[in-house]
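Presented below is the structure to which this report refers.
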Amino acid sequence: MENNREGPYSVLTRDQLKGNMKKQIAEISEIFSLSKPDATVLLMFLRWDSHEVSEFLVENNEKVLSESGLKPVVVDPNQDLYKISSCGICFKTCDDGDYLISTPFCSHMFCKSCWRKYLEKNFYLVEKTQTRISCPHGACQAAVGPDTIQKLTVCDQEMYVEYILRSYIEGNKVLEIKYCPAQDCNYVIEFHQKNHDGADQEDYGFNVVCLCGHIFCWRCMLESHKPVTCNNASDWLFRDLNSLSKESGEKPLSLSSFETREKTYPLSSIKATKKVCPHCLRPADLGTKQYLRFLTCACNGRFCWKCMQPEEAHKTESGFYKFCNVSMTFEGRAPKTLEGRAEPENSCVGLWKASEVSLKQAKSDLQAFEESNIKNPSDLTEKDFTIIRKGLMLIVQCRQVLKWSCVYDYLHAEYEMSKREYLRFLQADATSLVESFSKTLNEEIGRASSATYENFCCVKHKVTIETSNIGNYFYHFIKTLQEGLDDVKVKSYDDYGGLFWLCDRCTYGNTWFHKECLMCSDDIAARVDLSDMSLN
């Protein structure tokens, strides 16, 4: 769905990553006739850059070996190495000289217990990896490599291997490698910088699809959030969504606040003289003019204050006003009040929640398909299985895009109402397309389980074509949103310049410091005089 080019990353297991690391060590060892422990120390010291290692070994061999700790340390001629029987840290005496261990480049001897404490405290349990592990002796720069570690316990050796692998992942300046952020996932992602188009992905990042099924943004490591930027996604998850969902999130709307679209109004400020406009669901205030029968909201909608029906419902064919029936409802529904109002289904939070339900269902369908194939292997080849799985995986991606398009909707200013309406149209069209594709795919999966090979060839071709079509559709859907829906003009005010922007709804001039129209966002609706209406 991103595009048709080769993916800029590879999904690897830890064993595959270890294999790549060992291969790199073996190449340096073979080319420059170094031992593998020394090659490991050199690569770790130069942050796994084989090209830089080659240059240093060719141009200044002695210098790089000395700086990395691979040159022997000058031993005190008066020191008798055979008489050393005590640890250099804890000073415990050992009868067996083999119990004390030193590096191949110095004569500083330490017991296994002190080696473990030193390595754990300064390297293994430290969050940031170092480019070199040196001898525990304070002034000694001798390198500690695999040949020294293999003299320690098995547990110490395993911890060292994990540390080297962590250095390969976190300290690698040639390859960009990250763990998949999904819970209980052990896959790692290797990023190919040569395929990366940094300018296009600077703000939005790009989606990574792990083999575990998790889709996330490489740049910020949050779940995939296109078409919004990484900063917008972070603000939404950790600030905006929390504030918007305090009363209308997982629980029913409480009486402590009233949420309408993106703005929250405390109920303490909404008096008995306020009701919800049946046209735009905004608070409308009758104020001191309680003798008025009809009220004009900021959205230009007029309604009866008693029965909440539109003004047209009170007119006869001759144009005269008739008595209103308070028991009547607006369009067959009960009058809306602030206390009993539920969250609008078309609000950003409501759409977000509905999209999350659909996304969970798509992930559940994908997991069910994989588990059924493991428990009850079918006659499908690996290629056929991949085609169907790719279609189910695409549905998950599309559902995630639709989910985050709700945040894109939330970010639009009030004066971009035309773009918002067009966005809602695109969302509805995309949702319909995904649902149709999902239904078709489930039908074809059912046929594939019982179809002959000849019939499945037709099924496979149909799934492949539709997967390609919907992938291209959503690629352009994302691109259209990221470009800001430029094809839609917000009336004539898009080209208006100066110190103010004009609201698309009421044409009020707002300063550029205000994202929402000050007039329309006011919780007090516009009021009309007696001269503006007829009273019975």
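Placement of Cβ uses the backbone N, Cα and C atoms for every residue, glycine included.
Some features that Swiss-Prot has for this protein:
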- C87, C90, C111, C114: Zn(2+) 1 binding site (BINDING)
- C106, H108, C135, C140: Zn(2+) 2 binding site (BINDING)
- C180, C185, C210, C212: Zn(2+) 3 binding site (BINDING)
- C217, C220, H225, C230: Zn(2+) 4 binding site (BINDING)
- C277, C280, C297, C299: Zn(2+) 5 binding site (BINDING)
- C304, C307, H314, C324: Zn(2+) 6 binding site (BINDING)
- 83-328: region 'TRIAD supradomain' (REGION)
- 87-140: zinc finger (ZN_FING)
- 158-230: zinc finger (ZN_FING)
- 277-307: zinc finger (ZN_FING)
- 495-526: zinc finger (ZN_FING)
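Swiss-Prot feature annotations superimposed on the structure.
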| residue | record | DSSP class |
| --- | --- | --- |
| C87 | Zn(2+) 1 binding site | coil |
| H108 | Zn(2+) 2 binding site | coil |
| C180 | Zn(2+) 3 binding site | coil |
| C185 | Zn(2+) 3 binding site | coil |
| C210 | Zn(2+) 3 binding site | coil |
| C217 | Zn(2+) 4 binding site | strand |
| C230 | Zn(2+) 4 binding site | helix |
| C297 | Zn(2+) 5 binding site | coil |
Which of C135, C180, all binding-site residues, has a Cβ with the fewest other Cβ atoms inside 10 Å: C180
Confidence summary (mean pLDDT) of the zinc finger (87-140): 86
Three-class DSSP secondary structure - H225 (Zn(2+) 4 binding site): coil
Rounded distance in angstrom between the Cα atoms of C180 (Zn(2+) 3 binding site) and C135 (Zn(2+) 2 binding site): 34
List of residues, in chain order, with Cβ under 8 A from that of H225 (Zn(2+) 4 binding site) and at least 6 apart: C217, N232, A233, W404, V407
Intrachain C-beta neighbours of H108 (Zn(2+) 2 binding site), sequence separation six or more, cut-off 8 angstroms: G88, S102, C135, P136, H137, C140, A142
C220 (Zn(2+) 4 binding site) and C212 (Zn(2+) 3 binding site), distance between Cα atoms, whole Å: 19
C106 (Zn(2+) 2 binding site) and C307 (Zn(2+) 6 binding site), Cα-Cα, nearest whole angstrom: 93
Where C140 (Zn(2+) 2 binding site) falls in three-state DSSP terms: coil
